[in-house]
Amino acid sequence: EWKPLEDHSCTDVPWLLLFILFCIGMGFICGFSIATGAAARLLSGYDSYGNICGQKNVKVEGIVNSGLDLTHKKYVFFLDPCNIDLVHQRIKSLALCVSACPRKELKTLADIQKFAETNGSTLCSYELTPSEYTTDPRAAKLCPKYPVPESAPIPFFHRCAPVNISCYAKFAEALITFVSDSSVLHRLISGVMTSKEIIMGLCLLSLVLSMILMVIIRYISRVLVWILTILVILGSLGGTGVLWWLYAKQRVSVGAVETQIAKDNLQALLVYAISATVFTVILLLIMLIMRKRVALTIALFHVAGKVFIHLPLLVFQPFWTFFVLVLFWTYWITVLLFLGTTGSPVPNEEGFVEFRMVGPLKYMWWYHVVGLIWISEFILACQQMTVAGAVVTYYFTREKKNLPFTPILASVNRLVCYHLGTVAKGSFIITLVKIPRMILMYIHTQLKGKENACARCMLKACICCLWCLEKCLTYLNQNAYTATAINSTNFCTSAKDAFVILVENALRVAAINTVGDFMLFLGKVLIVCSTGLAGIMLLNYQRDYTIWVLPLIIVCLFAFLVAHCFLSIYEMVVDVLFLCFAIDTKYNDGSPGREFYMDKVLMEFVENSRKSMKEAGRGGGAEGRELKPMVGADEE
């Protein structure tokens, strides 16, 4: 029996205890890595002989030049910083501790010797004195490869890094296998650096557009759907037309300016114009098919907009969630770096020192990876539960003036006091599906080009099935959290109750929620298209010396992520409202003792939906069958 907000009890306490134990294990990994000196090795740096820079060290058996007092040598210097091992993704060079980084280019051994005598910073191996740099034949191997590039210490990490990062650009170029021309990546990077102010301005524009769209949703929800539809049609057609116009204009002018950048921009414009044309055609066909169902979404959007009016703090949920995720990811990456330098010193085949963990401890990073997935999903699930609790409080409070002063904080309080175990269990289920999918994706990447067609097809099919299962479980979890917020039941009971409600209204879910999600997708498309169009117009003024591809991709990706973060909250509110609406109409009929919880606006939505569905039902055919009324709605 559904008793909205009547009882509050702790749910899934064993899972909360399990999650706390798991977090203690994560803390143990961090503490272990710090206790074994990994933090000092990461922050202060260490040389190829196992000495930590800036302190006295203990002798490592069998390793010469270990156990040195390097108190005054606080920086790590690589003799050949551009010699990068692509397989192990590390700098394959002798590392030494020095007292200062070379602030100017050193072209000969005499310059290196003069730098050591002037600054007291010896850049050759410890067994050579500065006076032997130009006379000892071993200097060819024990001194840096010259010319020694100008370098500067990395803040907080005490590593001397070349000021000119061209060698690292070549490393990135080697990782990008589709780049065949070595100059392409350099032009891409120069395009990003030249356009960095435009990129930052366009990213800010996407944030402002997302905020404006949220305001539009709140205040003009009744006309929002049609406004979005018209704007997207005009935007897609206009954007496609502008691209073809720019392509035609640039094709005429490219003959006069025979530069590689101009040719690259012309080719990029052609690809953009063709892609925009295909996208516009597909978008118009989809909107033509969905046009009859758009009217049913308008009233639901109005109700969701009214929720945002009463609960304005919902708009800031993406910021809080993102902030917490960034804090956790920063912690996780820091500990991961600690783990990379954790372990006992072991001589390698080259006679230098590597730090390796032995025994069961070498599998700690697997535990750490699982922690990344589970805790990240836990944070996202906390956001879902918070939003669900706030919207449920709004829906099932008959007198809106009796709402808590801040329903969001009240929802957070209920989450922390009663439902953290439910969130931990739901996020663990998603983790169980994510891990096999990630393992299969890793195997597929490692075997790329080596497996036969059948194995490749099976791997992709398994990955696709796990992805679909993950999406279905995520949707069910969200509705389970809503049921928990309503009834204070444990995760399994809530998931079962929510699943029953959704199955009873499966066709209605498909007919209404899908249209709502599609309209929110149109909002994302509008923001991306507007930002991208502004980017095209601004970058067009730099077309002679800036390549467009990477700056435009960065801007469009950021715009989509920002729009997704904002509109996903709106989508979440719509889903929670629909489940509350389904429960309300199933168990209440408006009679004394069984009054509806919904307000007048939602009642109008119910009546309009019933009329539309009945008209579609009288029309017969597939449309009538698809819009079958909810169980219990017409009977009551």
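Positions of Cβ are set from backbone N, Cα and C atoms, glycine also.
Note that this is a predicted model, so its numbers are computed, not measured.
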Among 168-189, 322-343, TrEMBL marks as transmembrane the stretch 322-343
How about the transmembrane segment (322-343) and the transmembrane segment (198-217): do they have 3 or more C-beta pairs under 8 A, pairs 6 or more apart in sequence?
-> no
Between the transmembrane segment (15-40) and the transmembrane segment (518-539), are there three or more C-beta pairs closer than 8 Å, counting only pairs 6 or more apart along the chain?
-> no
Are there residues at least 6 beyond the ends of the transmembrane segment (223-248) whose Cβ is under 8 Å from a Cβ of it, and what are they?
-> 216-217, 266, 269-270, 272-273, 276-277, 279-280, 283-284, 287, 294, 297-298, 301, 305, 519, 522-523, 525-526, 529-530, 532-533, 536-537, 540
Which range out of 269-289, 295-315, 363-396, 518-539 gives the transmembrane segment (198-217) the most CB pairs under 8 Å?
-> 518-539
Counting Cβ pairs under 8 Å to the transmembrane segment (363-396), which of 269-289, 295-315, 518-539 comes out on top?
-> 295-315
